[in-house]
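Peer 1: Below is one structure. I have some questions about it.
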2 protein chains.
Amino acid sequence: MKKYIYPKTNEWEKLTERPTQSFKEIEETTKLIFKDIQTNGDNAVAKYTSVFDGVVIEDIRVSQTEFLEANQQISAELKVAIATAKANITKFHMIQKRSKIEVETTMGVNCWMEKRPIEKVGLYIPGGTAPLFSTVLMLAIPAQIAGCKEIVLCSPPDKNGKINPAILFTAQLCGVTQILKVGGIQAIAGLTFGTNTIPKVSKIFGPGNQFVTVAKQVATQYGVAIDMPAGPSELLVFADESANPRFVASDLLSQAEHGTDSQVIFATTSKSFLKLVENELKSQLTVLTRKEIAEKAIENSKMILFKSAEEALDFINLYAPEHFIICSKKEEYFVENISNAGSVFIGDYTPESAGDYASGTNHTLPTNGYAKNYSGVSLDSFLKSITFQKISKEGILNLGKTIEIMAEAEGLQAHKNAVSIRLKALQNEY
Amino acid sequence: MKKYIYPKTNEWEKLTERPTQSFKEIEETTKLIFKDIQTNGDNAVAKYTSVFDGVVIEDIRVSQTEFLEANQQISAELKVAIATAKANITKFHMIQKRSKIEVETTMGVNCWMEKRPIEKVGLYIPGGTAPLFSTVLMLAIPAQIAGCKEIVLCSPPDKNGKINPAILFTAQLCGVTQILKVGGIQAIAGLTFGTNTIPKVSKIFGPGNQFVTVAKQVATQYGVAIDMPAGPSELLVFADESANPRFVASDLLSQAEHGTDSQVIFATTSKSFLKLVENELKSQLTVLTRKEIAEKAIENSKMILFKSAEEALDFINLYAPEHFIICSKKEEYFVENISNAGSVFIGDYTPESAGDYASGTNHTLPTNGYAKNYSGVSLDSFLKSITFQKISKEGILNLGKTIEIMAEAEGLQAHKNAVSIRLKALQNEY
């Protein structure tokens, strides 16, 4: 890890920089694939599946037999673990439900707001070496609680035309209404336009490689909403001499194994503790199965020594980490004053892994500094607010003049007239 | 208005179409201006203000004298109206506040979620003929309630280098922290990158012409969030024979005067009532000051006769109107079953103008069918959620095994290890 000892504040901006990702090259290709799928539907989807996934699939819908097979292939132990995680994630997302809020702002003027589900949502789950069934939990559970009518899951097929059994098992468990064997740009384009087989959805969720990331951006140009802009996963740990260096090192490595582009930052106010963590990292790194990946990510990572907790906090708010672990005797100070972070893990026994899998919070979080202006996925991500108002005769008599004056001042006479015509009718009535 | 009598459901999709807006031509120009302002800051901003607004401004900050002048120029009557509107909008947005939600998902595993303000926000208020001080209310009030630290308002200067006094007055009243005389693409680019005079913000709100719309889209490519994608304003009225045709016509016209591209739809189940509204439209149109605009918008608008309220509702949910007025004996049915709308106005005495100005609800709403997947501006638009968790020793003993099994199944050994290392430490302890 690169070490920074008491960096000056004018150097901080530089330290918060993430490796810039430019996907300009693949944007054009992505747009061409979108056009092709918009025009040629399922045929075009099949073509790209054959090209990119190297497999020809007759029917991209998962068969009943495949579901049964998946169910048999998952160990009893894993089934129990998934059920436990599901119970916790359900609890945490259920308490996010909110009933209608209402207020009579002026006598006779009733205003309220209700949340109603986004009817059709698409969940993208990557394939590849790490079958992210945990992401199925994180997206399908709140979608189901929200009441989304159609929950469509797309995941790329393997060379045998199959989807990982853990993904199938979890999707069925969490109320996904349709599962399709399609990945990459062609999946996102399919969900954007709809084909004979893939339903058109209003919002697309989920992680993915650079092609999926660009495809989601392109989808927004066709009216589809997305969960949030994506970037490589990140962790910032603040720990001081009150913490356990072995635990801290294990957390830094858990982030580092995600990919060589993972962002890992260790911030501290103790020089001696920094040394302890550095040594622990070296020794724990040697025994990891994904050692090559983690090693590379760690090389690009930063250890930063700050003069005080206050200074460290200012830096952390500037960096806006996706995951923020606090192991410090000043944990209350950090919890109270953190402004920009996706999810916060507090204390020696709260590894990021807990939130990644099973504690109940959502693991789909803003990266790349987006914690300054975006929330992570929550129940609200699957709902939208609608405001309502009902004004009585008394209400419009009370508020009418105000509206007339304001509309007049903005030069919008027909806006004024819609009120005047009602006030006049009421004058005749009374 | 174009009339559609009992259109078949396979014709509905066509009827929900908005005029396609393609801004491809101005996208390149916009990107060039962004680059220029990113590199040359205030100098470039001044250049574009001179070119586009036709005025050279020494200092784009509003002087104390200008504030005093604005205060004098606003009539006492308008001040009272603005204060009344402010009180109602404040009430409606205050009740949206939500305290922390918390749950112990597993014994010893505490998870909670809190909302914290987006620290720096930019509000864009168009200049021109209609000085939208009402939009200042709609954006600055929730920003202030949310606790945003910097609330920067940009609005284009007129030929004399001034901002409309009603905008200045309202901005001061609602806690805007900085007001800058800058508009168009240069304002959005300035807020995106920051210059010596314009602060860099995390999220940009507000309406604007096609240049502002494109500039906001471009801003998102530089990490700035925006309130929502923009499009021309829309109104759909459902009314049956129980309603007042004069009121209905006045509401349709209030939307039509916004611009020639305004979308106005009148849906009904009564052929005779349709005729009544049609006649009323003609007679009310003749006396409007913005008659030319409204006439054009009305020409492009649609009157649709449906066979039943159920059929009408299905269409309305497909159309997803920004504003939806219900004047019907079946109002409860519509209120309960509307899925896709920005804001709903119920009954004979609830004109859209009420929500545009003073009832309390927000008038920044999703257009162009975006009510299917986006919410209007609310208090939440100025906040983001952060999740927190704190796990005790008991908690990790309870949940550890579950996390280990899931991490193992996803092939992420370091994730598992972060738990195992803690479980082992606790085994030694007990």
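Note: Cβ is positioned from N, Cα and C throughout, glycine not excepted.
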Peer 1: Among B:D158, B:D348, B:D356, which is the one TrEMBL gives for the Zn(2+) site where B:Q255, B:H258, B:H415 also bind?
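Peer 2: So, going by the record in TrEMBL, that would be B:D356.
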Peer 1: TrEMBL has B:Q255, B:H258, B:H323, B:D356, B:E410, B:H415 binding substrate. Which one of B:S233, B:S339, B:S375, B:S392 is in the same site?
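Peer 2: Of B:S233, B:S339, B:S375, B:S392, B:S233 joins B:Q255, B:H258, B:H323, B:D356, B:E410, B:H415 in the substrate site that TrEMBL records.
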Peer 1: If you run the three-state DSSP split on B:H415 (substrate binding site), which class comes out?
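Peer 2: Where B:H415 (substrate binding site) sits, the three-state DSSP reduction gives helix.
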Peer 1: Looking at the recorded positions B:Q255, B:H258, B:E322, B:H323, B:D356, which has the shortest Cα distance to B:N209 (NAD(+) binding site)?
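Peer 2: Its closest listed neighbour, by Cα, is B:H258.
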Peer 1: Could you give the Cα-Cα distance between B:E410 (substrate binding site) and B:Q186 (NAD(+) binding site), in whole Å?
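Peer 2: Approximately 48 Å lies between the Cα of B:E410 (substrate binding site) and that of B:Q186 (NAD(+) binding site).
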Peer 1: In terms of Cβ proximity below 8 Å, which recorded positions out of B:N209, B:E322, B:H323, B:H415 neighbour chain A?
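Peer 2: Cβ contacts with chain A under 8 Å: B:H415.
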Peer 1: For the substrate binding site, please report the maximum Cα-Cα distance among B:S233, B:Q255, B:H258, B:H323, B:D356, B:E410, B:H415 in Å.
Peer 2: 56
Peer 1: If you count, for each of the binding-site residues B:Q186, B:S233, the other Cβ atoms lying within 10 Å of its Cβ, which residue has the minimum?
Peer 2: B:S233
